[in-house]
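Peer 1: Here you go, one structure.
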Amino acid sequence: ETEPLTCKKDASDCNKGEDCKENGLLVRNPKSALRLVEDGNKVHPSQGDKGQAAQISNGYSGGQSSAPCNGMGELMELEDRETWSKKIDFLLSVIGYAVDLGNVWRFPYICYQNGGGAFLIPYTIMAIFGGIPLFYMELALGQYHRNGCISIWRKICPIFKGIGFAICVIDLYVASYYNTIMAWAFYYLISSFTTELPWTSCTNAWNTGNCTNYFSKDNVSWSPHSISPAEEFYTRQVLQVHRSDGLDDLGGISWQLTLCLLLIFTIVYFSIWKGVKTSGKVVWVTATFPYIILFILLVRGATLPGAWRGVLYYLKPDWQKLLATEVWVDAAAQIFFSLGPGFGVLLAYASYNKFHNNCYQDALVTSTVNCVTSFVSGFVIFTVLGYMAEMRNEDVSEVAKDTGPSLLFITYAEAIANMPASTFFAIIFFLMLLTLGLDSTFAGLEGVITGVLDEFPHVWSKRRELFVLGLIIICFLGSLATLTFGGAYVVKLFEEYATGPAVLTVVFLEAVAVSWFYGITQFCNDVKEMLGSAPGWYWRVCWVAISPIFLLFVTCSFLSNPPELRLFDYNYPYWTTVVGYCIGTSSVIFIPIYMVYRLVITPGTFKERILKSITPETATEIPFGDIRMNAV
């Protein structure tokens, strides 16, 4: 395996595309490189045997590659694919990708909104039958075929290759608004390096007459028109939304946020420019640091007065909610977007694994860690909300009205500002938000990078650093609209429409293509090649029927009842819904466009074109240890 014998045949005996004539066997070494080795103890296979050997493991015939010998006895070797330095690098990268800002703000809000503790029932069911099977499927696909989101379809079902292009467009949309939220967190982080946090008083230049600091020593009454200093800092100093009239008048660009975003993209570039060897080391910090901070904040929150009120509100079950369809839709959507299949990231990360890596175990471990993190984050958030309710003499439901980023940048920031050692807790909290966002950005961009480099290796394989630089510049320029005074309105629009229904559609088609066109039996055989045992009936049923139905259910629910968008005091006009659907469609449209293109360029009758377009055109090469059927 590791020391192949020198080929003693002349170059004339090895023609291009053919095996050596005398006892030469083509095998793959453990590093996935093809070598021609000498084996004098084995009989050279007959043509009939070679015909059987050419049956590639995906069930379709393909020709074997060969490495020519030269007179000096040198061996040609294909370039190895990069792999993770350590298994833990892969696990931390996947956990860092799956655990993001949404775990901190979206899950706690959806949980208490949909029945508290009762919501955990539909959430767990949707995770078991929908989220985790899709998560496992993508890890297995990426690890077996060792390709990114575009070129992998040549080995599965070529007519669905448009899915890969759609994924890349969606990832670019996400990068255009997701990093802006991190720029807000970075602005808060810089502002936290003061003895008195700037969102604790009403004496700043950006404050208005409605600013009410009920944490002051004076007796202050909270009226319906009162605005906390934290809210005014967020809306009038960081976002400056008062200088915009809405999406039809975004206003100018905030230079402070632009500098913050520029620094974030600089960090991102130098973390991923060399590949998973470098990003796998960075996630040791970005993936583990948030858990340290969450533990510190959980302990601190549990010791605050009124914390029990928040926990009770968070977990108090409302069993009647389980009869509402919306609760099950929210549970399905939450687990899906939390685990994150459909963004090309799991395919890309798994493609750098060793062939026999236990991706089944990885899927269970990382998805469990993700779900538990979401649940624990709820305690971190709601202990503080209970404290806020205690200070305001209000019900927790009144304090918990803020949703999305506002829950972190207004409510939680205000609570931190009024704790002892507020500067310390503010710094670590916003550092945690940054690290939560960074490794998700690493992952999203790696999905695009791996997809493009695998599809166009002759152009970009030796120019990764240059391609990554160009990609970062494109993402930065695409983020400029979110850096305007009305940028928060753009972020909300992209978050609701640009990614949600588009990703659901992509993963639905992906599940259909793998289970119904590539074949669930063939896919399970692929998994058996890697792990030694095939997936059981539970996984097969989920992949063939339950998971596609799960995705179709969520997609139809969203399209039949699109969300009515509102941010602060701005109600989104109807035309913004049309724009939102157009943005979402602009990525998915690549799928039917490529299908038509594929059928047009394929020769033959219409039936022949269909058959050729759904038949894998490229064989998946498996490592030496599993080449027992393919070697001879």
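Glycine residues also receive a Cβ, built from the backbone N, Cα and C atoms like all the rest.
Because TrEMBL annotations are produced automatically, they should be read as predictions rather than curated entries.
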Peer 1: Please work out, from what TrEMBL records, which of CYS168, CYS211 forms the disulfide with CYS202.
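Peer 2: Record-based pairing for CYS202: CYS211.
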Peer 1: In sequence order, what residues of the same chain, 6+ apart, have a Cβ less than 8 Å from the Cβ of CYS211 (disulfide bond)?
Peer 2: CYS202, SER226, ILE227, SER228, PRO229, GLU232
Peer 1: For the transmembrane segment (162-190) and the transmembrane segment (409-434), check the count of CB pairs under 8 Å (sequence separation 6 or more) and say whether it reaches 3 or more.
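Peer 2: They are in contact.
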Peer 1: Residues near the Na(+) site, GLY96, ALA98, VAL99, ASN103, SER338, ASN370, LEU436, ASP439, SER440 excluded, by Cβ within 8 Å of the Cβ center?
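Peer 2: Once GLY96, ALA98, VAL99, ASN103, SER338, ASN370, LEU436, ASP439, SER440 are set aside, the remaining close residues are ILE95, TYR97, ASP100, GLY102, GLY340, THR373.
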Peer 1: Near the transmembrane segment (572-597), which residues from the same chain, at least 6 beyond its ends, have a CB less than 8 A from one of its CBs?
Peer 2: 159-163, 165-166, 169-170, 173, 246-248, 489, 492-494, 496-502, 505-506, 509, 562, 564-566, 613
Peer 1: Hey, does the transmembrane segment (328-352) touch the transmembrane segment (497-520), meaning at least 3 C-beta pairs closer than 8 angstroms, sequence gap 6 or more?
Peer 2: yes
Peer 1: Do the transmembrane segment (328-352) and the transmembrane segment (282-308) share at least 3 Cβ pairs closer than 8 Å, excluding pairs fewer than 6 residues apart in sequence?
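Peer 2: Answer no: the transmembrane segment (328-352) and the transmembrane segment (282-308) share fewer than 3 Cβ pairs below 8 Å.
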Peer 1: Residues sitting near the transmembrane segment (541-560): Cβ under 8 Å, six or more positions beyond its termini, same chain?
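Peer 2: Residues packing against the transmembrane segment (541-560) from afar: 126, 129-130, 133-134, 137, 325, 329, 332-333, 336, 500-501, 504-505, 507-508, 511-512, 514-516, 520, 523.
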Peer 1: Can you tell me which parts of the same chain pack against the transmembrane segment (90-108), counting only residues 6+ beyond its ends and a CB-CB cutoff under 8 A?
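Peer 2: Counting only partners 6 or more residues beyond its ends, the transmembrane segment (90-108) has Cβ contacts under 8 Å with 84, 181, 276, 279-280, 283-284, 286-288, 290, 314, 334, 337-340, 345-346, 349-350, 352-353, 357, 362, 365-367, 369-370, 373-375, 377-378, 380-382, 403-405, 407-408, 433, 436-437, 439-440, 442-444.
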Peer 1: Just to confirm: which same-chain residues, 6+ apart in sequence, have a Cβ under 8 Å from the Cβ of SER440 (Na(+) binding site)?
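Peer 2: Those within reach of SER440 (Na(+) binding site), by Cβ under 8 Å and sequence separation of 6 or more, are GLY96, TYR97, ASP100, LEU101, TYR178.
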